[in-house]
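According to Swiss-Prot:
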{"type": "DOMAIN", "residues": "14-198", "note": "domain 'UmuC'"}
{"type": "BINDING", "residues": "D18, D116", "note": "Mg(2+) binding site"}
{"type": "SITE", "residues": "F23", "note": "site 'Substrate discrimination'"}
{"type": "ACT_SITE", "residues": "E117", "note": "active site"}
Amino acid sequence: MLIFPLINDTSRKIIHIDMDAFFAAVEERDNPALKGKPVVIGKDPRETGGRGVVSTCNYEARKYGIHSAMSCKEAYERCPKAIFISGNYEKYRTVGDQIRRIFKRYTDVVEPMSIDEAYVDVTNNKLGIKSAVKIAKLIQHDMWKEVGLTCSAGVSYNKFLGKLASDFEKPHGLTLVLKEDALCFLAKLPIEKFHGVGKKSVEKLHDMGIYTGQDLLAVPEMTLIDHFGRFGFDLYRKARGISNSPVKSDRIRKSIGSERTYAKLLYQETDIKAEISKNAKRVAALLQDHKKLGKTIVLKVRYADFTTLTKRVTLPELTRNAAQIEQVAGDIFDSLSENPAGIRLLGVTMTNLEDKVADISLDL
């Protein structure tokens, strides 16, 4: 017996776009000499004493088992000839803006998930094109011609299937999952490929003898709810290709922040304040990009021994002014108890966000 009826909206046309090895691809585009070589975006461990983690890497590096969040030291051990690049995040942000402009050419119903990934609802698009596959191909064409980068596209009737489809054939792939093919498509997938199913849930599912979408399809809804609570309700529907979550072009952001981890520990106040300034300016720029203002400034400090402190100050009025954010974050730091251990991470975050109103001018 179902807790809730199975309502499956198959009328939508949704594309999930995922840029291929984005940061590394931008570096290859700007330096053709890197093509065909393993490229890792991360600090060279030979220069940092082994510290640092991989942000991303190109497909050549992935052949050696290198992946995001791996330590740079391990990445080097797996592939000593890998080329390590610290990364230029302002450049990546500029390219990300170009990418979003291409999406908006076809529809305003765009939900960015990160700088290199977005859902695009083209059910009612600006060009009146009926085929979502055609629009996906046009986006891929525009991306290559105008930005010099490739992307993979997944086309289906909901976000869940679109995301899985874009991962199915990379790089520069295009996969279509029709409603009549959804069950077959999902049945063959390992459960760990299901978007939104985390590592602990995968382990629990494996303990239940569930390894594939086909296995999951056979489990009664109440059994899944007994084991996973509310998430069991979602699992039951995902196994059937049901996910009615809308593409939210106005996703509500609860916070905007910037933080950096340092290969060399920070000890000097001048260095610390300089890094707080960089983070504050980054936050101000992001607030401007997202047309947001905020009231609460949060400073995060992580020391060499991994002790982490966060402290916040709420302002009387909304702001996105870089100098003000920097001043408040600096004052927060001054109020912390002295700690002789060096600092390995600093972060500045703005919360209590509201949309920018026309009569407030608080630009950089």
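Glycine too: its Cβ is placed from the backbone N, Cα and C atoms.
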Specify the count of other C-beta atoms within 10 Å of the C-beta of F23 (site 'Substrate discrimination').
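A 10 Å sphere around the Cβ of F23 (site 'Substrate discrimination') contains 26 other Cβ atoms.
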Give the distance between the Cα atoms of F23 (site 'Substrate discrimination') and E117 (active site), rounded to the nearest whole Å.
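Rounded to a whole number, the Cα-Cα distance is 12 Å.
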Excluding near sequence neighbours, so keeping only residues 6 or more apart in the same chain, what lies with its CB under 8 A of D18 (Mg(2+) binding site)?
D116, E117, C151, S152, A153, G154, S166, D167, K170
Counting Cβ atoms within 10 Å of each candidate's own Cβ, which of the recorded positions D116, E117 comes out highest?
D116
Under DSSP, is F23 (site 'Substrate discrimination') helix, strand or coil?
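DSSP call for F23 (site 'Substrate discrimination'): helix.
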How would DSSP class D116 (Mg(2+) binding site) in three states?
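Going by the DSSP assignment, D116 (Mg(2+) binding site) belongs to neither helix nor strand, so it counts as coil.
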Averaged over the whole of the domain 'UmuC' (14-198), what is the pLDDT?
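So the average pLDDT across the domain 'UmuC' (14-198) works out to 94.
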